[in-house]
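Heads up, the thing below is written out as structure tokens.
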Amino acid sequence: MNEQMNQVLRTPSNYLQGINITLDLSNVLELSEDAKILIIVDTYTMKDYRQRIEKSLDTAQMFEFVVFEGLLTMERLEVIVKEHEELDYDMVLGFGGGTIMDVAKAVSTLLQTTVVLVPSIASTDGPCSRLSAIYHEDGGFSHYMVREQSPEYVIVDLYILSLAPVRTFIAGIGDALSTYVEANACYLSMSVNDAGGLDTFSSLMIARSCKEIIFEDAVDAVKSLQEKMITPSFKRMIEANIYLSGIGFESGGLSIAHALHNGLTKLRSERRFMHGEVIAYTTLVQLATENSHEFTQYRDLCLQLGLPTKLADFGLTLDEKVKTIIEQTCFFEGSSMYHVPYEISPEIVFQAMEFVEKRI
Ligand SMILES: [Zn+2]
């Protein structure tokens, strides 16, 4: 049936990357004098970059800040929209971490405005996609809210990202590591991608470039960041984390790694883990389900970068309780768990998880 579907590739309208590009947002965004902007920030970006943003947007007619912390739930989203729907904003600008990107996309969808995304960390590939992850109050994943259009602007400031915590950058590499594995599984199984159609060959090649950059540049890029240096490998890795991985996952599609991640978020572990840290591990599980000869190569890179490679790294064991939650939350009609060109079942995933756990 899928053969009849269109092939769809979606990208942001504008992707701009540069050192201190956020010093001149009025020009970069070609702001008109009557522009009204709702700016969504987290406490860090509010503290560190408020003055920079105000100065950079000084040609706008008005702007207002919303400081957002915690998880994005439908209840919290509705509160923001209700408080701001009267003012007729032209633009929602998100400046912050992964959650802020999702909040800005979701708010702009409901307020029907342009969205501008300025990531302050490169921890996920969210900025280039239309999706916002919505959570339940208890922290469990609820659903994705999908914007009609891809973001109008993604503005990547290499200076700001060179000051970001190393852990967030490595988590972004973990997220990007899944991109080709999942896109390739979707391509081969003709599964529906998150852009609303079948994969194009171009999106598969974008995902492949993402993988190539990771294996070529990740280790050196992390070293650059530790030394706060903006090197060519750092620039390429930023592009891979944010752009290639973003296009690659949305227009390439998700598969086991993200489905299993969404199940694992229902489990309580003592330490809080970042999205990309969980994805690094679930990517290894996906590779194990397909008996990939590249498993060791991926696992070794994760070890080198300090990314989790076992369930034990999360303080969890594959007991009956964990198995039940995975079975209940990952295996349902429409789950990306089935986006593979081979048979998949809870037993096959558990076997793969056991294999991953035993590898030294
Ligand atoms: Zn992801």
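Glycine too: its Cβ is placed from the backbone N, Cα and C atoms.
Residues annotated as NAD(+) binding site in TrEMBL: GLY98, THR99, ILE100, MET101, ASP102, SER129, LEU131, TYR135. Sequence annotations record features per position, and here TrEMBL assigns glycerol binding site to ASP125, ASP175, HIS258, HIS275.
Projection of TrEMBL feature records onto the structure.
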{"residue": "GLY98", "record": "NAD(+) binding site", "DSSP class": "helix"}
{"residue": "SER129", "record": "NAD(+) binding site", "DSSP class": "coil"}
{"residue": "ASP175", "record": "glycerol binding site", "DSSP class": "helix"}
{"residue": "HIS258", "record": "glycerol binding site", "DSSP class": "helix"}
{"residue": "HIS275", "record": "glycerol binding site", "DSSP class": "helix"}
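What surrounds the glycerol site, by Cβ distance within 8 Å of the Cβ centroid and not counting ASP125, ASP175, HIS258, HIS275, is the set THR124, GLY126, GLY174, ALA176, SER178, SER245, PHE249, HIS261, GLY276, ILE279 from the same chain. Distances between the Cα of ILE100 (NAD(+) binding site) and those of the binding-site residues ASP175, HIS258, HIS275 are shortest for HIS275.
In this structure the alpha carbons, written CA, of THR99 (NAD(+) binding site) and ASP175 (glycerol binding site) are 15 Å apart. With a CB cut-off of under 6 A applied against ligand 1, the binding-site residues ASP102, SER129, LEU131, ASP175 are reduced to ASP175. Take GLY98, THR99, ILE100, MET101, ASP102, SER129, LEU131, TYR135, the residues named in the record as contacts for NAD(+): the widest Cα to Cα gap among them comes to 18 Å. Across the binding-site residues listed here (THR99, SER129), the residue whose Cβ sits among the most other Cβ atoms within 10 Å is SER129. The Cβ neighbour count for ASP102 (NAD(+) binding site), using a 10 Å radius and every protein chain shown, is 28. When Cβ atoms from all protein chains are considered, those within 10 Å of HIS275 (glycerol binding site) total 21, not counting its own.
Highest local Cβ density among the binding-site residues ILE100, MET101, LEU131 belongs to MET101, counted as other Cβ atoms within 10 Å over all protein chains shown. Its own atom aside, the Cβ of GLY98 (NAD(+) binding site) has 25 Cβ atoms within 10 angstroms in the protein chains shown. Around the Cβ of ASP125 (glycerol binding site), 30 further Cβ atoms fall within 10 Å across all displayed protein chains. Taking the C-alpha positions, the distance from GLY98 (NAD(+) binding site) to ASP125 (glycerol binding site) comes to 8 Å.
Other Cβ atoms within 10 Å of the Cβ of TYR135 (NAD(+) binding site) number 19 in total over all chains. Rounded to a whole value, the Cα-Cα separation of LEU131 (NAD(+) binding site) and ASP175 (glycerol binding site) is 15 Å.
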